[in-house]
Amino acid sequence: MAPPMNLQQWLLWKKMNETHLALENISSLTEEQKQQVIIEIQQEEVIPTRMDRVKYLAYACCATSTRVMCWLFLICVLLIIVFVSCFVTVARIQWNRDINVFGPVIDWNVTHQATYQQLKAARLTRSLKVEHPHISYISINMSSIPQGVMYTPHPEPIILKERVLGISQVLMINSENIANVANLSQETKVLLTDMINEELQDLSNQMIDFELPLGDPRDQDQYIHHKCYQEFAHCYLVKYKKPSPWISEGIIVDQCPLPRIHDPNYYKYQPIWDYYLKIQNIRPQGWTSKSYYGTARMGSFYIPTFLRNNTVSHVLFCSDQLYGKWYNIENNIQENEQLLKTKLYNLTTYSKLKARALPKEWNNQGNARLFRSFNPLDVCNRPEAVLLLNTTYFTYSLWEGDCNYTTALIQNLTECRQPDRLKLKHPYACRFWRYKEGQEEVKCLGNEKKKCLYYSEYSSPEAQFDFGFLSYLNAFPGLKYIENQTVREPEYEVYSLYMECMNSAEKYGIDSVLFALKTFLNFTGTPVNEMSTARAFVGLTDPKFPPTYPNITKEQKRCNNLKRRKRSTNIEKLRSMGYSLTGAVQTLSQISDINDERLQQGVSLLRDHVVTLMEAALHDITIMEGMLAIQHVHTHLNHLKTILLMRKIDWTFIKSNWIKEQLQKTEDEMKIIRRTAKSLVYYVTQTSSSTTATSWEIGIYYEITIPKHIYLNNWQVINIGHLVESAGHLTLIRVKHPYEVINKECTYEQYLHLEDCISQDYVICDTVQIVSPCGNSTTTSDCPVTAEKVKEPYVQVSALKNGSYLVLTSRTDCSIPAYVPSIVTVNETVKCFGVEFHKPLYSESKVSFEPQVPHLKLRLPHLVGIIANLQNLEIEVTSTQESIKDQIERAKSQLLRLDIHEGDFPAWIQQLASATRDVWPAAARALQGIGNVLSNTAQGIFGTTVSILSYAKPILIGIGVILLIAFLFKIVSWLPGKKKRN
């Protein structure tokens, strides 16, 4: 293709073209003349005018086919931009008209509208009898829901939290104390020990150990008291003035019943029976009682050598059976604990008991303020105590020959002068228990030397096992011989191991004191505190008391450089488990309220760890047999473990009376407090262990919620909403109520907004606000109204607990209205909306709703469906008290964004047609036709093209402007820059 002509060439071409046109119209010139004229004109110099330059510019713009095509493309682009801009401008004008039109009105003042629909139920009657067919009808009862909100009973009480009390409890469990209370034998002690170890080891395997930022409980006075009391409450050390053993090898105490020849025994087991010398008829040749038992008579009681040791200078015992009448067994353990603690603090100097605490037999200045004197029957049940501690020897003998008493002397007694009458009164009257039968000897038959016949000096008394006991009780007249002999001087010094533990713990620490005193109790190899309380009496030879306390360093659970990290880790453990404990200062601030005088007594308790002995919390098990007592303890222990694993509180082991008294709470509030309290085990430790005894400690943290107000009759809000068909879109309208629960006490209704709530049996909230319900008046709340696009068809059916159904649907079936939420109750099974509706357990004729809500009339924006469709999520479109003007402004902010269109072009045109239908019907029909053509007729080709252009409209406008500027510069570049000179 030839390049475009320059200005001189174009002027020459133009002049030659004009010359040819002029010569064609002149016929007077010949061809040669015409050629001559053309040559002359070509040789003439042409000077362009302004008009020539303008014409040349037009020529230069369209000189080639490429330039022509560019101009055509530019014109097409400009036409498209103008078309789209004009169309959007017209649409915007239409949007403004649609926005200013009032939208639909929802009047939620209709309640309890009942509609009955009778449907013929298909029924096939099969019967052998002739029956007339009958038609049954299904009744559907419907009631509309005001404001699209359903209220259902809220069964859980709602508790407004006033404060939280944090309590740490250390629960001590000592099997030996429990065994002593229940009078268990050594065999059953092993079973009790195994049971406690099994339960607490299982609890320990499921709990992690960590520390509370409340201090070590071992430094606490209450802990020290309970620990010392649990281990050494009834332990004492008695010091003789000088070592004095028992004066004889045998002892005659006929007031004690004897074991029967055949079991079972009539009387319960007597400890002195362990020392009984039973007369056996078979003995080896040459056997004599003197060679084995010394001066002790066969048929009496033999005192073993360990009770007759000449070097015994002290007596160590752990028993509560020597206390006076002040220690009443009918009192509970806690009452006796307080009494003993008071007595010891008043009757001791450091750890030594004052003289007035002892009986006269122990000290000449004694007044029996703490211990009592021995009675004659004590030797039967507490033989070691009598033999080691008694200062005198009382012989109660019914043996023939003692004190020169004979049969003739008995018959001369005043009460025995009529023997025939006395025998009718009692068979034991006026006779000896043991008669003298001759010298002791063993007779053998033939060569038999091992199994010979033994003849005792006195008769065998087992057949009359209760002779002496009945004689002591004066059950019959007869001889009573009592002999009193001095054994020791009554100048005892008595020391309390409990007071020694309490006083030394302040100086040496509880761990060191416990170790030393427990070692002291094990002086003979058998721990005295693990013996039976009736026999826990041992003699010692010059023991060192007080013992030497070792320097025991407390176990450090964390390094110093990791102290802060470890502490924060423990607190995080609490936080992760749902507890609000965040430090000692915060805990005490939650617990302590100095301005509340009713709490001041409780504050001192809560600042320290609460220490509890398990045996003090149990029922009275002294009347139970061994296995029954173990089962009782097992039941309590298993229940405690189960409750702790459930993070609840076993109120058997911690009393709540102080909360009720100090906080002035009612019994109903106390029930809430007990139910909502939480527990957390923070350590389980076995402190001691042996074959027959074990002791454990359980550290438990409690959080006790103190209620400020309790809301009982509550209704829960179910916001189902209301359906609206707007601008071709199905929209779900909801009112955002400011409350979640309605409380109705008597006839007074309260609308409650709950914050920071946890569900733990009851609903416990930090904040409960009383708000106003939604309404159109100024006395009610202005609630936001939201719209959400939903798909057609919309069917929501929810079964209610009363047997009815909550229905919200966009279509009608079984005469159930569309768009309006309804409560539906049927009397027979019927299928609606593809769902089977079943009748309730009983027939309901009317569905009542409580409480009632105020009147609410709501106007929605005209294009609420368009707004919800644009946002594609639930948005606020108005409020219950918003003015029409504000509503229109809100709608404009949402709808005018369509000026810069986003989306499929045919769909947008159809949406515009739907929005215009009720405002400008003719335009709506035209737009609908265009949308149908673009989406259907042209199979989307043209529509897609236009849609792409619509998406790129801002880009195309920018490109068009850039092209115009570029073409202008290009056109300017085509113009000649310099004039040609001839």
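Including glycine, each Cβ sits where the backbone N, Cα and C put it.
Of the candidates Asn17, Asn141, Swiss-Prot marks one as N-linked glycosylation site, and that one is Asn141. Within the list Asn25, Asn109, the entry that Swiss-Prot describes as N-linked glycosylation site is Asn109. Your range for region 'Fusion peptide', going by Swiss-Prot and the list 110-132, 248-270, 570-592, 685-707, is 570-592.
Geometry remark: Asn346 (N-linked glycosylation site) versus Asn390 (N-linked glycosylation site), CA distance 25 Å. Recorded residues Asn404 (N-linked glycosylation site) and Asn309 (N-linked glycosylation site) have their alpha carbons 32 Å apart, per Cα-Cα distance. Cα to Cα, Asn141 (N-linked glycosylation site) and Asn802 (N-linked glycosylation site) are separated by 14 Å. In the three-state DSSP classification, Asn309 (N-linked glycosylation site) falls within coil.
Under DSSP, Asn484 (N-linked glycosylation site) is assigned to a strand (E or B) in the three-state scheme.
For the pair Asn776 (N-linked glycosylation site) and Asn802 (N-linked glycosylation site), the Cα-Cα distance reads 32 Å.
The Cβ neighbour count for Asn309 (N-linked glycosylation site), using a 10 Å radius over every protein chain in view, is 16. Cβ neighbours within 10 Å of Asn346 (N-linked glycosylation site), excluding its own Cβ and spanning all shown chains: 12.
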